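**Student:** Please find one structure pasted underneath; my questions will follow.
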């Protein structure tokens with residue numbers, strides 16, 4: 001028979017395990033597979049999810065819940081090797097023609113060439129606010145954490161907790177900001193070889209199929225909303241994400257990222273926007289050190305809704 005102390009220790013250990021299990025979450029509990037059938041697989045007791053792409057179909061999933069503001073973390077390991085033509089995504093979106101959307105998209109490349117991290121913000125159905133980056137690590141060798149912080153003040157994109165982009169709420173100056181439409185979390189892996197890699201010049205090599213991307217450790221520290229957009233998780237209203245911004249260290253980090261690793265900023269693209277970008281829009285999109293030249297053709301920046309660059313799109 002065990003001692004009282006050993007019994008207490010066993011109880012404490014059991015409680016600790018339950019707390020960890022509860023906080024870890026499960027893809028079974030949090031997500032629904034939306035397309036691709038068996039190409040989307042939840043494994044390891046719900047802790048991991050893989051998406052695959054072949055010549056017949058990609059695959060994807062979405063959150064069971066809708067959210068209005070929060071912090072959303074996902075660990076991803078991207079398609080290795082020759083990933084040209086493939087697009088892996090992790091994003092928030094509402095529905096309808098006037099939808100809001102906050103995008104992380106990962107554009108594949110031929111072996112030995114870097115992924116392009118493509119970010120965009122849509123509000124009331126209008127996007128055209130792309131910023132792109134190359135990474136300072138190999139995103140196919142291990143899992144890395146990609147984060148979207150969305151509050152009423154700003155949107156922050158982070159990679160391994162390093163900020164790469166900030167989009168501020170400048171609605172008072174006429175710049176639409178996602179603030180009233182609840183959004184779900186989405187992820188997908190699909191073929192976009194008409195535009196995704198080097199402007200569509202490099203196509204998907206189907207001899208390498210199936211292509212697989214892996215997801216794990218999803219966490220939404222966020223305000224869930226019900227069918228009537230009424231908060232069902234008001235305790236999160238006072239969470240740190242609700243006012244999160246950048247401190248001095250964060251500003252130094254984002255300055256480093258945008259100086260060393262940003263490869264495209266829509267604010268500087270005179271080919272797409274010959275009349276320039278409104279000052280109010282530029283002030284919404286904080287840039288810390290990037291004023292550089294384009295290193296990609298505008299064709300690379302084709303909208304996922306079919307935007308054609310036969311003529312310049314309307315400037316934000």
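Every residue gets a Cβ built from N, Cα and C, even glycine.
Feature list, courtesy of TrEMBL:
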type	residues	note
ACT_SITE	101	active site, nucleophile
ACT_SITE	105	active site, proton donor
DOMAIN	1-215	domain 'GH16'
CARBOHYD	109	N-linked glycosylation site
SIGNAL	1-24	signal peptide
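Describe each of these features in terms of where it is and what it packs against.
**Tutor:** Contacts of residue 101 (active site, nucleophile) defined by a Cβ separation under 8 A and a same-chain sequence distance of 6+ are given as 91, 92, 93, 94, 120, 121, 122, 127, 178, 183, in order along the sequence.
Within 10 Å of the C-beta of residue 105 (active site, proton donor) there are 20 other C-beta atoms, taking all protein chains into account.
If you average pLDDT over the domain 'GH16' (1-215) in this model, you get 90.
Within 10 Å of the C-beta of residue 109 (N-linked glycosylation site) there are 20 other C-beta atoms, taking all protein chains into account.
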